[in-house]
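Engineer: So Swiss-Prot says this about it:
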type	residues	note
SIGNAL	1-23	signal peptide
DISULFID	CYS25-CYS36	disulfide bond
DOMAIN	32-143	domain 'C-type lectin'
DISULFID	CYS53-CYS142	disulfide bond
DISULFID	CYS119-CYS134	disulfide bond
Amino acid sequence: MGRFIFVSFGLLVVFLSLSGTGADCPSGWSSYEGHCYKPFNEPKNWADAERFCKLQPKHSHLVSFQSAEEADFVVKLTRPRLKANLVWMGLSNIWHGCNWQWSDGARLNYKDWQEQSECLAFRGVHTEWLNMDCSSTCSFVCKFKA
């Protein structure tokens, strides 16, 4: 009986130590603030990149940013993994005509760009957001809620 309690307690400690460490994200994905992220070095236009993300676990979307800290995390994640300088993000007004929205439906409460084009990308070396023609090809990051 004592051994059972010891083993059960040990398993509980392991479980609790893994929670919040990315254990909720699939292999190859990185965890931040309850979401999972994965950069893809496969240049695609914006619509194809969003479609590709939807085929990933939990129907992910192109990355959305809710804070400067989250944007910094993603830039640090992409810097060593992506060869491309420009990376798609999920913010566009492609389907909404002058009504910018994140492809994952997240609220637009953090912005860092000048509105000129229908799609946005960020530089993989810092968090500067750039207006891009949606038919251009860029690397991209997919994101889903863990």
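Heads up, the Cβ atoms here are built off N, Cα and C, so glycines get one too.
Burial and contacts for the listed features, if you can.
Structural biologist: Of all Cβ atoms in the protein chains displayed, 22 besides its own lie within 10 Å of the Cβ of CYS36 (disulfide bond).
Within 10 Å of the C-beta of CYS142 (disulfide bond) there are 27 other C-beta atoms, taking all protein chains into account.
Around CYS119 (disulfide bond), a 10 Å sphere centred on its CB holds 25 further CB atoms from the protein chains shown. Under the three-state DSSP scheme, CYS119 (disulfide bond) falls in the strand class.
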Engineer: With Cβ-Cβ distance below 8 Å and at least 6 positions apart along the chain, what are the contacts of CYS25 (disulfide bond)? List them in sequence order.
Structural biologist: SER31, CYS36, ALA146
Engineer: Neighbour count first, Cβ atoms within 10 Å, every protein chain included; then name which of CYS53, CYS134 tops the list of disulfide-bonded residues.
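Structural biologist: Comparing the disulfide-bonded residues CYS53, CYS134, the most crowded Cβ belongs to CYS53.
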